[in-house]
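*Asks:* Positions annotated as transmembrane segment by TrEMBL: 6-27, 39-59, 65-86, 93-114, 126-145, 190-214, 234-255, 267-288, 294-315, 371-391.
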Amino acid sequence: MSTNGTDLTAGFICSSAAILLFGSNFVPLKKYDTGDGMFLQWVLCAAIWLVALVVNLILHCPKFWPFAMVGGCIWATGNIAVVPIIKTIGLGLGILIWGSFNALTGWASSRFGWFGMDAEEVSKPLLNYIGAGLSVVSAFIFLFIKSEIPNNTRSVDTTPLMTEHVINKIQDPDPDYSWVDKLSTAQHRLVGCSLAVVSGILYGSTFVPVIYIKDHSKRNGSAYAGASQNDLDYVFAHFSGIFLTSTVYFLAYCIAMKNNPKLYPEAVLPGFLSGGLWAVATCCWFIANRSLSAVVSFPIITAGPGLIAAMWGVFMFKEIQHVRMPGGGIRAFPERVDDQGVVGFQENLEGSVEGERESTRVAQQMVRKNYLLMILAFCIILTGALCTAFSKI
């Protein structure tokens, strides 16, 4: 692989574009109900395949390697858990957890030559190890970020990008609630974090088939001898595997639902936009893999989207903000009360105000803690990305 300045520049530019798009691709879906996610993931994957078709035509239809589809199958399997993850622990925390395990899996498999791939060498191994290690450390820090919001996302316009949901005490009679909505608060966190870890490991393995083909193309006795070294030539096969697997899962879901799947028409266009953003981001990642190598691109690209998602949540959707007393104070008093009623009312009022002040104080402490944890984690992520980048130069 060439390591000249042009390749490095292209690799870092594509990495930056991928970070921005991966951190933003779920934003179009924020205000729309997506149910259990099975219909949405199929819409996303349909949009992804259409982008791949355009790329394939632009590249004049390079040779199709079926084994490259396996990477798409792996990714689609991890992707079916995205909506449950968002509903349980929020998009920002979900991205940060699965992104860290994505980085570790992708980095380690390339660095040490797992799954039959050639081990990648870097000029400064110590910096590379530090960068990968910091990506993992950041995941544990974000596990302590908490924010409580109502669980009913239908009645709230600001579905969280970084939150821990709390179950409403009064159950909504809406029959379209998914299995996620029936979990307790503790189960939300356990299920969400577990799914994010599994998804991250699967995501980190998604490029293995493509890299395997490229590595074995240099061996005369291999079935892949002479295969292209241009990563974009494998985009169509990779994305076809995504769409095929997604379709299989969706059909299985329809069968399980007795041909009565939960469909959400209002999420179709936002879903297509989200899928398109993801597909373009992944194409950028393919280019970064070729220009920088996977051992460098993985820690960089997987660390950044959490920062972008958190920035969307904090600055655009105001998900983490200072808490004030409801209504800014006391709004109304009874028009007529007797002396005994006044005394009782004053006592209750003082107790209520004191309770609200204590709740506000605790909430503000939680907000400050969240901000500090976010700043600390972001510093660790950025330091890790820089260490990884400089390990290649």
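Each residue, glycine too, has its Cβ placed from N, Cα and C.
What TrEMBL says about a protein is an automatic prediction, not a curated fact.
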*Asks:* May I ask for the residues of the chain that lie six or more residues beyond the transmembrane segment (93-114) and have a Cβ under 8 Å from a Cβ within it?
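*Replies:* Hits for the transmembrane segment (93-114): 22-23, 78, 82, 85-86, 120, 122, 128, 132, 135-136, 138-139, 142-143, 145, 162-164, 192-193, 196-197, 199-201, 203-205, 207-208, 211, 293-295, 298-299, 302-303, 305-306, 309-310, 377.
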*Asks:* Would you kindly list the residues that approach the transmembrane segment (267-288) from elsewhere in its chain, counting only those six or more residues past its ends and only Cβ-Cβ distances under 8 Å?
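*Replies:* Distant contacts of the transmembrane segment (267-288): 10-12, 14-15, 17-18, 20-22, 24-29, 32-34, 39-40, 43-48, 50-52, 55, 210, 231-232, 234-235, 239, 297, 300-301.
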*Asks:* Mind checking which residues of the chain, 6+ beyond the ends of the transmembrane segment (294-315), have their Cβ under 8 Å from one of its Cβ atoms?
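*Replies:* Non-local partners: 11, 15-16, 18-20, 22-24, 26-27, 91-92, 95-96, 99-100, 102-103, 106-107, 109-111, 120, 122, 128, 131-132, 135, 138, 142, 160-162, 204, 207, 211, 285, 288, 374, 377-378, 381-382, 384-385, 388-389, 391-392.
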